[in-house]
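First up is the structure itself, then whatever we jot down about it.
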Amino acid sequence: MLWIWFSTGRVASRRMLKMESLASFQCLCSQIQYFAHDPQGSFSPRYYQKFPDSSNISDDPQSYFSSRIILTPRVVHKTISNCRSDILAFSFFLWCAKQHNYFHDRATLTHMIGIVSRLTQRFRTVKGIVKELEEVGCVIKPQTLMFLLRIYWFGGMYDRVFETFEEILGCGYTPNTFSRNIVMDVLFKIERVEVALRVLKETQVPNFLTYSIAVCNLCKLNDLVNLQDVLNIMLRKSYYPNEETFSVILSCYCKGGRIAEAKQILGLMIVLGVPVSDRVWGILIDGYCKAGNMDAATHLLEKMIESGYSANVVTCTSLIKGFFESQMPSKAFGILDTMESRGCFPDLVLCNVLIDSLSKMGRYEDAINAFFLLREQGLTPDSYTLCSLITTVCLSKQYVELPLLITGFEIQPDLVACNSFLSYFCKAGYPAGAIEFYNDMIDRGFVADKYTFAGLLTGLCRSSRTGEAVKVYHGLVRSHVGLDSHINTVIINGLIKSGKFHKAVSLIKKAASEKSQLDDVSYTIAISGLLTGGQVGEAYALFRQMKEVGLVPSKQTYNQILSGFCKRSDVCMVKDILLQMVDARIEVDHFNLRLMKNLLYRYHRHSASFLTLLTNISNSGILPKEAYNEMINELVHHVNVRNVHAGTFNNLDVGTSSSDETQELAVAVG
């Protein structure tokens, strides 16, 4: 069957737990009688009639409830809440649902989640719960399983939704559209999109809710292809989304950069007479801003105002952020001034945008001034504010300002903000503070992620506690918790900066042999550190290993290796690296070109063949053209001057170089 394909968490055991003895249904009635005499006055007289004697209730309790009590959600919820037996409470809940003109409210359904969850833990399976309901006299009907399905769905117990649906099929009941809608919604939520769409297709009598569930879930998943198909079917069947659903669809298209489709949706809304609210205008403006089309966004704003709407702070935030990202700060500030002149002041989101945008532009003082807007507006910074502020402080290197800035604010940081603090301590030159802060985070119950461990490893290495850092790293390797290329890069960088070159090389070789996640950044940092420490041979070995494991060295990596051998005056290796750069089409930077020029000056014996190589590869495009021509002209002048002083004009002083090398140099210069 189809349902077996997506069933999750099926319970293998069907063993029934022996149910403890239950009081009679009269026990439940006595609960209601007790509430009626509650001195707190739980109910007023209009909510209940006179209760019958308990002797009469025991004869036919349901008939007495039906004839004597006016059910209200408040009465039912209070009764269920005070019932000491979960199975009786559920039985009463089901009985109430069968009463004429009574419907359970959201609060009662929410309360039933806990009851049904406990029953599931106790009786293990849906079949077990059904059997216990029969034991207390509850007649099992399709509605019983439907309520179980609904409660499991409402409570997010998705595996039990599938189990209940299978039970419905197993009992010979035909699932109605509502039950199939629930199953389809759960499939979308666990991202089994193909199966969910199959359920949609196989639903014989789909209704408006069927398509609405599918459309909204596809929007949440940003599945624009399937969204288009389902929306077309929905419209062909004359099921038209309401304003809220249209807004969700518009937002999905705009986030996906599909502005043309979003405009078509807007046109459809207008044709169908769906109100185009300020929210809809804002979504479209935000879409144009994210696409970088600020002219269209501004034009749409004008149309919005012409239609009688005013731009709120949300729409202004989109425009301001868009102008900043488009390098038009003057227009962003113009929007801000217009806002304030109309009495529309920045909220927390806009302040966060200002801090982040100004910081990225290098206007750190302005970013900090934007932070002070929070205090002026009586706003409390959130975690995003903290992260942006910490970034600003670190970029400006004004580390001492952070404690002064956040003093007086009651801030509840999340894990992301805590990780930013770890980075701050390391960059501020106080790595011991990062270690202390990490310990405090763990004590407060935070679960470390890869960025947390990165901060801890950096703090340990910069505190000269490299041994502990390596132990932490090995622990991550064993547990695979938070281990990725970033962590490898951090520990390698930390060890190299601490002078532990051999340990860094050992770790990266071990990581490569165990096929751990290593990227080009990890290798590049290791190679750079080794070259800085004069370990040119080890650096080249890592360079070769990098290529062997399938990673493509970047322009920076190639030039680092080239500069290492230039400084070491290893002309043979310089030639070899140059040929590799030709094959990889990697350009030599100006710094290395100067180093190679110095090699030509100093080492006459290799000058001819080396210069010939440079001349041959000059057409490959890897040498900066103008700098190369300038170098050749300078070399020609240098050679001619030396020959004049030597009194010769047809021979070059190239030391012990052969006549062939001399001719090669002459040809190259000529």
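Each residue, glycine too, has its Cβ placed from N, Cα and C.
The following features are taken from TrEMBL:
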- 242-276: repeat 'PPR' (REPEAT)
- 277-311: repeat 'PPR' (REPEAT)
- 312-346: repeat 'PPR' (REPEAT)
- 347-381: repeat 'PPR' (REPEAT)
- 414-448: repeat 'PPR' (REPEAT)
- 449-483: repeat 'PPR' (REPEAT)
- 519-553: repeat 'PPR' (REPEAT)
Check the repeat 'PPR' (277-311) for me and report the mean pLDDT. 88
Helix-strand-coil residue split for the repeat 'PPR' (242-276), DSSP-based: 27 helix, 0 strand, 8 coil
Using DSSP, tally how many residues of the repeat 'PPR' (347-381) sit in helix, strand and coil. 27 helix, 0 strand, 8 coil
Within the repeat 'PPR' (519-553), residues counted as helix, strand or coil by DSSP: 26 helix, 0 strand, 9 coil
On the DSSP side of things, how many residues of the repeat 'PPR' (277-311) fall into helix, strand and coil, could you say? 26 helix, 0 strand, 9 coil
Per-state residue totals over the repeat 'PPR' (449-483) - DSSP helix, strand, coil: 27 helix, 0 strand, 8 coil
